[in-house]
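Enquirer: Straight from Swiss-Prot, here's the annotation block:
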type     : residues                      : note
DOMAIN   : 6-252                         : domain 'PABS'
BINDING  : Gln36, Glu120, Asp147, Ala148 : S-methyl-5'-thioadenosine binding site
ACT_SITE : Asp168                        : active site, proton acceptor
Amino acid sequence: MSINPIVLLFALLCTLLSPFSIGQSTIIHEQKSLYQDIVVFEHQDFRCLSFTAKKGERVQTCEYQDPQDKRIYFPYVRMTLAGLLFNPKPERILIIGLGGGSVPSALAELYPESHMDIVEIDPVVSQIAERYFYFQPSHNTRVHTGDARVYIKRAGLKGQKYDFILLDAFNGEYIPEHLMTREFLMETKQLLSSSGVLVANTFSTSKLYDHESATYRSVFGEFYNFKIPQESGNRVILSMLTSLPNQQALQQQAEALASALQPFAIEIENYPSLMTLEADWDEQARLLTDQFSPANLLK
């Protein structure tokens, strides 16, 4: 007896998303793109997006079905807005990786006059974000379909600068190796404005950790390492061109931002105490470069 691959996918998906169960969830859309299989499903008051690529592993983003509910569901997604502690009034924003559009939507509401560029390699993801996750680009937002490395190189040649850069193109299934190298980070660094902040959503539990950390340190010098205990294994790297603010300054800024971020379920006043400048990696680890970047073997 043959097994319907969609049924099998759904069963595996629900197992990975415990406590969501197959009896309580409903697939509302599934589509194969050039890069991955994409599933949208609903569970109670959530709607979730799942990507499936080479090895059957998945990364999910979930949002509340009520379009008036602004809360960001996953803690690791909320963590990326810690970058606002370093630049609370970004006028130009660059986001690499769209997903369901939770972070761009939040930033667009917080800063309606700011210009935002979003780079997403998969056009199907952009379509699904708009159709199922209430992502509506404003007149100040442009979604660019293409490879982020190419976009950043071209932006650098044009002399473009950004106050807030978010690297969020990685997932548990596949890491774009060319977006982790020292050369790529140098190109990205050139796009930062004098007060700009780089935010990288990445992993804290992999063999890649030492190499990635050493590579970021080689390009940016000191950076804040932000982890939430007992969370998904994600971490957020935060750095700037200028000297980094101390813990006291971060806490003061968190208190100033707290009320604005409360509708998104971001308890930013708790974030500074979870950030550290201390190196907890092998500082002699080999740097990731365009010639050496075995990211998917090391994860």
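Heads up, the Cβ atoms here are built off N, Cα and C, so glycines get one too.
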Enquirer: For Glu120 (S-methyl-5'-thioadenosine binding site), name the DSSP secondary structure in the helix/strand/coil scheme.
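Expert: Where Glu120 (S-methyl-5'-thioadenosine binding site) sits, the three-state DSSP reduction gives strand.
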Enquirer: Largest pairwise Cα distance, Å, within the listed S-methyl-5'-thioadenosine binders Gln36, Glu120, Asp147, Ala148?
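Expert: For the residues that bind S-methyl-5'-thioadenosine, the greatest Cα distance is 17 Å.
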Enquirer: What is the number of other Cβ atoms found within 10 Å of the Cβ of Asp147 (S-methyl-5'-thioadenosine binding site)?
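Expert: That number is 16.
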Enquirer: Taking just the CA atoms, what is the gap between Glu120 (S-methyl-5'-thioadenosine binding site) and the residue listed as 'active site, proton acceptor' in Å?
Expert: 10
Enquirer: When you measure from the Cβ of Ala148 (S-methyl-5'-thioadenosine binding site), how many other Cβ atoms are you left with inside 10 Å?
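Expert: Around Ala148 (S-methyl-5'-thioadenosine binding site), other Cβ atoms within 10 Å: 22.
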Enquirer: Mind giving me a neighbour count for Gln36 (S-methyl-5'-thioadenosine binding site)? Other Cβ atoms within 10 Å of its Cβ, every protein chain shown.
Expert: 21
Enquirer: What is the total of other Cβ atoms whose distance to the Cβ of Asp168 (active site, proton acceptor) is within 10 Å?
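Expert: Result for Asp168 (active site, proton acceptor): 21 neighbouring Cβ atoms inside 10 Å.
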Enquirer: Would you mind checking how many other C-beta atoms are within 10 angstroms of the C-beta on Glu120 (S-methyl-5'-thioadenosine binding site)?
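Expert: Total other Cβ atoms inside 10 Å, all chains included: 21.
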Enquirer: Cα of Asp147 (S-methyl-5'-thioadenosine binding site) to Cα of Asp168 (active site, proton acceptor): how many Å, rounded?
Expert: 13
